[in-house]
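> Attaching a single structure in structure tokens format; questions to follow.
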Amino acid sequence: MQIINQHNITLPKRKLDAHKGDNGSVAIIGGASTMLGAVVLASRAALFSGAGRVYASFLADDAPGIDLIHPEIMLREPDGIELLDQLDCVVIGPGMGESPQAISLLGHWLFTSTPILLDADALNLIAANQGLSEQLSQRKHATIITPHPGEAARLLKISSKEVQQNRIESALKLAQQYNAVCILKGHETIVAFQYQSFTNASGNVGLASGGTGDVLSGIIGSLVAQGLHVLDASKTGVYLHGAAADSLVAKGIGPIGLSASEVALETRHILNSMQ
């Protein structure tokens, strides 16, 4: 077991003459009706973490046409995301729901060679659908899964209590079962890949609030898009996410009332301070 800290993470490198295409393109797909905020949070986190282009795609019929706070984020229909060239990472699942459209979209991206991060409802769909589970197990391309203990329990067909009692073992089982980096969220988040496991040293109880998982997915998706290997992006992402929360609490912002939006914005400060 290795500890993730500021001395052993990998930061994205940015050339002095870089243009937006050099800094990667990431798409966030999810946001069924009543859950639009999940995609908004993940997209903004990807933006603040340095991705050159960020696309957001909502499944909801009543989705907005623009992010008025951050119009840099480009909104696309789900089918339109499939037509984009040179996507460097796709984050699938935040607020996505479990509709037939969600199942179809997930199946499509599992078949592609694009690096993907699967979160939230994408994981619930895989746990409930043997066909999708087999697709993921057979996938040969870069993949990250980010379950919380409840989602991990559904994927492993055990109880959440068993997951929490055996967090490292559970994360390793999922990583090996799905040939993916597994990020088992919670106190001392675990990152597992093949036979390696890592425990994150940053973060605090302020992260136990709605939307922080969406922010984490956006951060990691952005780092993958910027060229980091999925394991390095996962380790760096969980550290930055926790360090942002620690920085805010040190300033008197939280842990009580700490919001996911604040964590996303503070991540930018942490990332730049470490360059």
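From the backbone N, Cα and C atoms, a Cβ is placed for every residue, glycine too.
Predicted automatically and left uncurated, TrEMBL annotations should be read as such.
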> Which single residue out of Ala18, Ala27, Ala38 does TrEMBL record at the (6S)-NADPHX site shared with Gly95, His148, Asp214?
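Same (6S)-NADPHX site in TrEMBL: Ala38.
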> Gly211, Gly213, Gly218: which one does TrEMBL list with Lys185, Gly186, His187, Glu188, Thr189 for the AMP site?
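Record source TrEMBL; matching candidate: Gly213.
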> Using other CB atoms within 10 angstroms as the count, which residue among the binding-site residues His148, Lys185, His187 scores least?
His187
> What are the other residues, in sequence order, whose C-beta lies within 8 angstroms of the center of the C-beta atoms of Lys185, Gly186, His187, Glu188, Thr189, Gly213 at the AMP site?
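Everything else in range on the chain: His148, Leu184, Ile190, Asn200, Gly203, Leu207.
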> Measuring CA to CA, name the entry from the binding-site residues Ala38, Gly95, His148, Asp214 that ends up nearest Lys185 (AMP binding site).
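Of all the candidates listed, His148 is nearest in space.
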> Cα-Cα separation of Glu188 (AMP binding site) and His148 ((6S)-NADPHX binding site), in Å?
12
> So which one is it: of the binding-site residues Gly95, Gly186, Gly213, which has the fewest other Cβ atoms within 10 Å?
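Counting other Cβ atoms within 10 Å of each of the binding-site residues Gly95, Gly186, Gly213 gives the minimum at Gly186.
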